[in-house]
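Listed features, source TrEMBL:
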BINDING   Gly152, Gln153, Thr154, Gly155, Thr156, Gly157, Lys158, Thr159  ATP binding site
COILED    433-490  coiled coil
COILED    522-598  coiled coil
COMPBIAS  21-51  compositional bias 'Low complexity'
DOMAIN    67-410  domain 'Kinesin motor'
REGION    1-62  region 'Disordered'
REPEAT    648-690  repeat 'ARM'
REPEAT    689-732  repeat 'ARM'
Amino acid sequence: MASNGYRNGILKGSVKVEKLSPSSNPKPSSIKSKTTSTQVSSVRRSSPASLGGVGSGVKGDSGVPGRVRVAVRLRPRNAEEQVADADFADCVELQPELKRLKLRKNNWDSDTYEFDEVLTEFASQKRVYEVVAKPVVESVLDGYNGTVMAYGQTGTGKTFTLGRLGEEDTAARGIMVRSMEDILADICPETDSISVSYLQLYMETIQDLLDPTNDNIPIVEDPKTGDVSVPGATLVEIRNQHSFVELLRLGEAHRFAANTKLNTESSRSHAILMVHVKRCVKGSEAALSIENGNGSHMSKNFRPPLVRKGKLVVVDLAGSERIDKSGSEGHTLEEAKSINLSLSALGKCINALAENSPHVPVRDSKLTRLLRDSFGGTARTSLIVTIGPSPRHRGETTSTIMFGQRAMKVENMVKIKEEFDYKSLSRRLDIQLDKLIAEHERQQKAFQDELERITIEAQNHISEVERNYAEALENEQSRYQKDYKESIKKLEEQWMLNQQKLNSDRARVEVKQEPLDMGLAVAELQKSLQNEINLRKAAEEEVNSLKSQLVQWRRSEAVGNAEVLKLRKLLEDEEHQKEKLEEEIAGLRSQLLQLSFEADETRRSLDRGGSGKILTGLDSLMSQVRNSQIKDSGNGQKAPIVNLFEQVGLQKILSLLESEDSDVRIHAVKVVANLAAEEANQEKIVQAGGLTSLLMLLKSSEDEMIRRVAAGAIANLAMNETNQELIMDQGGISLLSMTAADADDPQTLRMVAGAIANLCGNDKLQITLRGEGGIKALLGMVRCGHPDVLAQVARGIANFAKCESRASSQGTKAGRSLLIDDGALPWIVQNANNEASPIRRHIELALCHLAQHEVNAKDMISGGALWELVRISRDCSREDIRTLANRTLTSSPTFQAELRRLRIEC
Ligand code: ADP
Ligand code: MG
């Protein structure tokens, strides 16, 4: 706002007043020019760029540059001058539009000076205020310090400019009155405050113009901030313009009185008006409203209100003329020096500040100390220098102008005086605290009251409950007492009744009996009652024990029953078994009877020579014989066979083999076969020519069954070594081979194969057997595939191989196995792992036997038998065969070589 010079018209009116700006107004300048020269020379500017926005609310610790503004005011000629200087021109010539002043040195020479404002003798008081003081006042209202000071020779209008009250003519009002008017118009009476001190400084003594008794006020400096204050001065709060004017008048009166008393003139003293403006910054009113009891938010309570404290200092300096020149007051030189000490100190300070001297002798005088903030400090300062027109005072006028020029170079750093109002906060908090304490006390009281009330209530309740309880107890007690009494009464009545009854009974029954003592009778009764009770108890105990016994009995009975059932069942089983046996016995008996009958029949018919039904009898006989043989084998009963031979005769039976009747032949061959199954009969059968007959049947019979049974009989007979040779001698192999070739029935083949197999086990018959086609016959029979047949074939081969190996080990056989010659090897290999164990075992043995003869090795290898041997040596479940196979393999160099070749570990 005021950054470009005096704040004129930006805020409050006076827009018509010429606005000063650095560009239009080159500041502190001293244009010295000869009247002969039109050129403007040596214009000096003092850092115009440093003029910052002071009033814009910018704040900072260091502040913003704000140069001291200086205006010059020319007083009109007074009456005396108008007369005395009538023939002379004024010593100055003003060029207000250029803000220049020409100081005439003589008729042809003048110096030109530039000021911030040049006010002619026609300038109104209003304009002077607005140009010089108003910007400062506005700054003060914004929270800055401000100084307005008048400097000039006595009588040039300092007091006129500053202190005119203008009561008779408002237009004449000076800066003090007008400042207060503006301040009062701007502040908020509710939140802001104005207070005023009015002092006089004379001969380095500060006197209170508002309280003349207070005539030596000390200056106090805040060691921290360096702020200067005069706490001893009277501070009067200003509420309105009138009271302020009154105050000024009072001050003026006191000043006059003081000067009279001190035998001096007011022109020798400095008058200092201090206006403190304290304003609450907008936005902190909320906090204040709490202070006023309107707020409800506690949090805001702790934010202190922000206040701005501006101080306006208006200084009406003593006359600047040299004292020795005036010399009218009669002071000594020392006194004169003291009178002007402050003023000359001010000059020195301003010189120092103007020249940016490192040392400013502020402390040299009380005035400079008081004005510390005004020059080179933080205040916005306006200086008005007043001059008179008279050429007679040219010297004073010149020095005044030079003072003003120097002051223009003084740069202040204006700074807002804003601070938190902790006092106010503290006050508010105190109030709040008081309220809270009161509230707390109130609540505590209420709480205690409530507590008391509850306690009393509880006590009442307890006593009531106690009372009720006691009452109930009493009631209960009386009820019980009543009941008790009633029962007693009833008992007594009962007793009385009993007594009466007893008496009457006694009277009735025992007329003669002496009257018994009542007590005795009762005692007896009691005794008998006791007896009864004891008896009953004993009876009860007995019952209980019986009961428990019963339970036990029942339990054991159940167990016994189960046992009985089991035994019964066993018995039944036994009986059943017995019945069955008896049945069997009966059956057997009847069979026996039948048999003996049949035997008789047979004997009779044999005796008669008829063949008839003999065979039927034989058959059944044979079956019976076999049956009984099986059953009675344990007893070694040979009776039936003996009987048979005895009864029938072997020769007769054998003769029947050649019977014409095929049925007879069949029966006969069966009987023979059965007989041949018994080793004991074999020799007899052979001796009786049975073998030959049987071989004949193989040869001649066309009935397969006969051939089969005959073959079976031959097989049985072939178990004997002697018989084997006989069979061979009688061309048995050929006959058996033939039978084998013709037969389809597996049973026939089995018999034949069995017979040949038996023959194969004979060492002596090897060559013949093979020569007569025995081996081929054996191999031929595998075609039927029946496991029983295959088993017999395998047995035969094994037998044969065994004999061969035996022969080779004995050195009687050198050549290759006849089995291999006859092409048995493929079948052997093929069935070596047959799933039927009888086949498998025989073949395994056969392989082992074959392998024992080195000459067979090559064929066995090529025929795949080696693998089977390896398998047998590893997997065979029979240890002996396994061992045999192993030994065979390890002992044969050929097998060893082959296994090595195949990298098989064995
Ligand atoms: P100072 O205070 O400087 O000694 P004053 O203010 O007492 O001087 O003025 C001296 C006289 O001059 C007073 O009578 C005053 O009325 C008069 N005077 C001063 N300035 C003016 C002015 N600008 N116009 C009219 N009269 C003035
Ligand atoms: Mg004066």
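Don't overthink the numbers, they just go from 1 along the chain as shown.
Just so it is clear, glycine is given a Cβ too, placed from its N, Cα and C backbone atoms.
Bear in mind that TrEMBL entries carry predicted annotations, made automatically and left uncurated.
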Environment of Gly152, Gln153, Thr154, Gly155, Thr156, Gly157, Lys158, Thr159, the listed ATP site - residues of the same chain whose CB lies within 8 A of the CB centroid: Arg75, Ala150, Phe160, Ser267, Gly319, Thr386, Gly388
Cβ under 6 Å from ligand 1: qualifying binding-site residues of Gln153, Thr154, Gly155, Thr159: Thr154, Gly155, Thr159
Chain-internal residues near Gly155 (ATP binding site), provided their CB is under 8 angstroms and they sit 6+ positions away: Arg75, Asn78, Ser267, Gly319, Gly388
Candidates near ligand 2 among the binding-site residues Gly152, Gln153, Thr156, Gly157, Lys158, Thr159, judged by a Cβ under 6 angstroms: Lys158, Thr159
Local confidence of the repeat 'ARM' (648-690) - pLDDT mean: 82
The one of Gly152, Gly157 whose CB sees the fewest other CB atoms within 10 Å, among these binding-site residues: Gly157
Tally of DSSP helical, extended and coil residues in the repeat 'ARM' (648-690): 32 helix, 0 strand, 11 coil
Among Gln153, Lys158, the most crowded of the binding-site residues [Cβ within 10 Å]: Lys158
Among Thr154, Thr156, Thr159, the most crowded of the binding-site residues [Cβ within 10 Å]: Thr156
